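Positions annotated as transmembrane segment by TrEMBL: 12-32, 59-82, 89-109, 129-150, 157-177, 189-208. Residues or ranges marked as domain 'Phosphatidic acid phosphatase type 2/haloperoxidase' by TrEMBL: 89-204.
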Amino acid sequence: MANTVNTKRWLVGLFLVLCSGFIFLTFMVALFPPSAIDLKISQVIQSAQRPGLDQVMKFISWFGAFPVPLFICLLVSLLFYLARLRREAGFLLLTLISGLISTVIKMLVNRPRPTANLVRIVEVAKQQSFPSGHMLFYTIFFGFLLILMWNLKHINLAVRIITAVISVLLILLVPVSRIYLGAHWFTDVLGGFMLGVIYLYGLSFLYLRDSRPQL
């Protein structure tokens, strides 16, 4: 019982730290231009430019380019629904709210995209820069897939492992991809990740609250 209470306190504390950190970061990017750290990280990542790497980075980002997230989410939700995992299918559909959240915050913060006089622009992106919608969607959608693969023990082990590995790789690689393509600054993808984890906290809490691992 004591361990459970301590774990809950730790999780609540981490959640509050994430919320505070995101709010602070949002004010910083809204009030000040890109920092030297933003520029340095972009330069370091873009210095790895190689023949063919542009296409690899574009492919990594492809899953977050509208309307691809909509199709992916609907398809995966349909697969869960057909597998009689209707509750899970419904929760997966809730990950689409990330698009609305991203759009609203982008409009409020109104941070310009990186420009060609500062970084190499491979992908000309629309809308404002903060937070990264790709990072937000990948964190929420693929993060929730990880939770489902952990929780649904009756699903084929190979399927669970493959899904988990792909999800982890995409979450780890998309921030590099967005910076490499010149679509975002480091603080954009950091903000997208933090906001994604905050949303994932709430989504996971609601899902796991009335859920038990299926053996």
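Here the Cβ of each residue, glycine as well, is placed from N, Cα and C on the backbone.
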Compute the average pLDDT of the predicted model within the domain 'Phosphatidic acid phosphatase type 2/haloperoxidase' (89-204). 95
For the transmembrane segment (89-109), find every same-chain residue at least 6 residues outside the stretch whose CB is under 8 Å from a CB in it, and list them. 26, 29-30, 66, 69-70, 73-74, 76-78, 80-81, 127-131, 133, 136-137, 140-141, 144-145, 148, 192, 195-196, 199, 203, 206-207
Kindly say whether the transmembrane segment (12-32) and the transmembrane segment (157-177) touch, using the definition of 3 or more Cβ pairs under 8 Å where each pair is 6 or more positions apart. no
Let me spell it out: take the transmembrane segment (189-208), skip the flanking residues so only those 6+ beyond its ends count, and list any with a Cβ under 8 Å from a Cβ in it. 11, 15, 18-19, 21-22, 25-26, 29, 87-88, 91, 94-95, 97-98, 101-102, 105, 130-140, 143-144, 147, 151, 174-175, 178-179
In the same chain, who gets a Cβ under 8 Å from the transmembrane segment (59-82) while lying at least 6 residues past its ends? 88-90, 92-93, 95-96, 99, 123, 133-134, 137-138, 141, 145, 170, 173-174, 176-178, 181, 183
